[in-house]
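To keep things clear, I will list the structure first and then write my remarks on it.
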Amino acid sequence: MRHQHGLFMLALLAFLFVITVLGTDSGKKEKQEKKVKKSDCGEWQWSVCVPTSGDCGLGTREGTRSGKECKQTIKTQKCKIPCNWKKQFGAECKYQFQEWGDCDPDTGLKTRSGSLKRALHNAECQKTVTLSKPCGKVTKPKLQESKKKKKEGKNKEKLLD
């Protein structure tokens with residue numbers, strides 16, 4: 001009885017082994033066929049992020065791709081435009097800026113340049129950009145200190161009177 005039970009178990013294990021080997025081979029063929037279909041699809045090309053309201057914050061972008069066997073050729077995706085980015089260079093482009101330069105007395109402007117730090121979703125961005133802004137009022141700390149001294153002097157005079 002034990003001998004028959006052992007043979008039965010051995011036959012069962014051999015049968016399971018054969019089924020497992022055949023099952024993995026057919027599964028590999030199906031997976032390879034699926035990979036071929038996926039490679040027929042082109043890369044996703046994304047539009048710029050369009051804010052839902054205003055010029056920054058949450059929004060959407062549209063993606064398209066080509067391919068005869070692609071099930072999906074257009075899709076929409078949520079996106080976000082940070083509100084602190086310089087949008088004049090494109091909301092998809094992030095720059096690292098230098099310090100502001102000295103004021104140009106001829107133009108009344110000061111400038112600084114920025115180099116491209118990051119481009120989101122394969123956006124086309126300029127490598128370097130330049131910003132200009134009007135020079136602010138030049139404060140003279142010595143004048144402010146002298147005004148304080150005058151006030152202190154007047155206060156002392158009032159106390160003496």
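Just so it is clear, glycine is given a Cβ too, placed from its N, Cα and C backbone atoms.
Sequence annotations record features per position, and here Swiss-Prot assigns disulfide bond to Cys41-Cys70 (among others). Non-local neighbourhood of Cys70 (disulfide bond): Asp40, Cys41, Gly42, each in the same chain, at least six residues away, with C-beta under 8 Å from its C-beta.
In the three-state DSSP scheme, Cys79 (disulfide bond) falls into the strand class. As annotated by Swiss-Prot, disulfide bond applies to Cys49-Cys79 (among others).
A sphere of 10 angstroms centred on the C-beta of Cys56 (disulfide bond) encloses 16 other C-beta atoms. Marked as disulfide bond by Swiss-Prot on the basis of similarity to another entry: Cys56-Cys83 (among others).
Under the heading disulfide bond, Swiss-Prot lists Cys93-Cys125 (among others), citing similarity to another entry as support. DSSP classifies Cys93 (disulfide bond) as strand under the three-state reduction. Around the Cβ of Cys93 (disulfide bond), the number of neighbouring Cβ atoms within 10 Å comes to 21.
Its own atom aside, the Cβ of Cys135 (disulfide bond) has 14 Cβ atoms within 10 angstroms in the protein chains shown. Per Swiss-Prot, disulfide bond is recorded for Cys103-Cys135 (among others).
For the region 'Chondroitin sulfate binding' (86-93), the mean pLDDT of the prediction comes to 70. The region 'Chondroitin sulfate binding' annotation in Swiss-Prot covers 86-93 (among others) and is backed by similarity to another entry.
According to Swiss-Prot, the feature region 'Chondroitin sulfate binding' maps to 117-125 (among others). For the region 'Chondroitin sulfate binding' (117-125), the residues of the chain that approach it from at least six positions outside its boundaries are 45-46, 48-49, 61, 79, 89-90, 92-96, judged by C-beta separation under 8 angstroms.
Feature annotation from Swiss-Prot assigns region 'Disordered' to 136-161.
The region 'Chondroitin sulfate A binding' feature in Swiss-Prot is assigned to 141-161; the stated evidence is similarity to another entry.
Residues annotated as signal peptide in Swiss-Prot, with sequence analysis given as evidence: 1-23.
Rounded to the nearest whole angstrom, the C-alpha distance between Cys93 (disulfide bond) and Cys49 (disulfide bond) is 11. Counting other C-beta atoms within 10 Å of each candidate's C-beta, the disulfide-bonded residues Cys41, Cys49, Cys83, Cys125 are led by Cys49. According to DSSP, the region 'Chondroitin sulfate binding' (117-125) comprises 3 helix, 3 strand, 3 coil.
The number of other Cβ atoms within 10 Å of the Cβ belonging to Cys79 (disulfide bond), over all protein chains shown, comes to 19. Calculated from their C-alpha atoms, the gap between Cys79 (disulfide bond) and Cys135 (disulfide bond) amounts to 36 Å.
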